[in-house]
Amino acid sequence: MNCLMLIFVVFLLAFGVECKKDDYPVDTAKRNCMLDCNVWDDEGYCDKFCKGRKADSGYCYKLKAACYCYGLPDDSPTKTSGRCNPNVR
């Protein structure tokens, strides 16, 4: 039984595990600015943007007027605590 568990752990480490996250996408990690959206859009813009970032889906979160994505890859930049820095290139 222990041998089987060891093989399973080695298999996971060897082939990796793809994790996904739900969060606000940002244009670049350095700028940390959420993507604005039109709250009257029928969620088409954000869904297309999120799918372009390889997410499962997305919508315009109306209270923040920002796109929110479901199922983003782990390496996709998302909003962190801190302010937006629009002047950073």
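From the backbone N, Cα and C atoms, a Cβ is placed for every residue, glycine too.
Feature annotations, courtesy of Swiss-Prot:
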- Cys33-Cys84: disulfide bond (DISULFID)
- Cys37-Cys60: disulfide bond (DISULFID)
- Cys46-Cys67: disulfide bond (DISULFID)
- Cys50-Cys69: disulfide bond (DISULFID)
- 21-85: domain 'LCN-type CS-alpha/beta' (DOMAIN)
- 1-19: signal peptide (SIGNAL)
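Using a 10 Å Cα-Cα cut-off around Cys69 (disulfide bond), the disulfide-bonded residues Cys33, Cys37, Cys46, Cys84 reduce to Cys46. Per-residue pLDDT, averaged over the domain 'LCN-type CS-alpha/beta' (21-85), rounds to 90. Remark: of the disulfide-bonded residues Cys37, Cys69, the most isolated position is Cys37 (fewest other Cβ atoms within 10 Å of its Cβ).
Cys33 (disulfide bond) sits 15 Å from Cys50 (disulfide bond), taking the C-alpha atoms as the reference points. Under the DSSP three-state reduction, Cys37 (disulfide bond) is assigned to coil, being neither helix nor strand. Cα of Cys60 (disulfide bond) to Cα of Cys84 (disulfide bond): a distance of 18 Å. Distances between the Cα of Cys50 (disulfide bond) and those of the disulfide-bonded residues Cys37, Cys67, Cys84 are shortest for Cys67.
Broken down with DSSP, the domain 'LCN-type CS-alpha/beta' (21-85) shows 9 helix, 21 strand, 35 coil.
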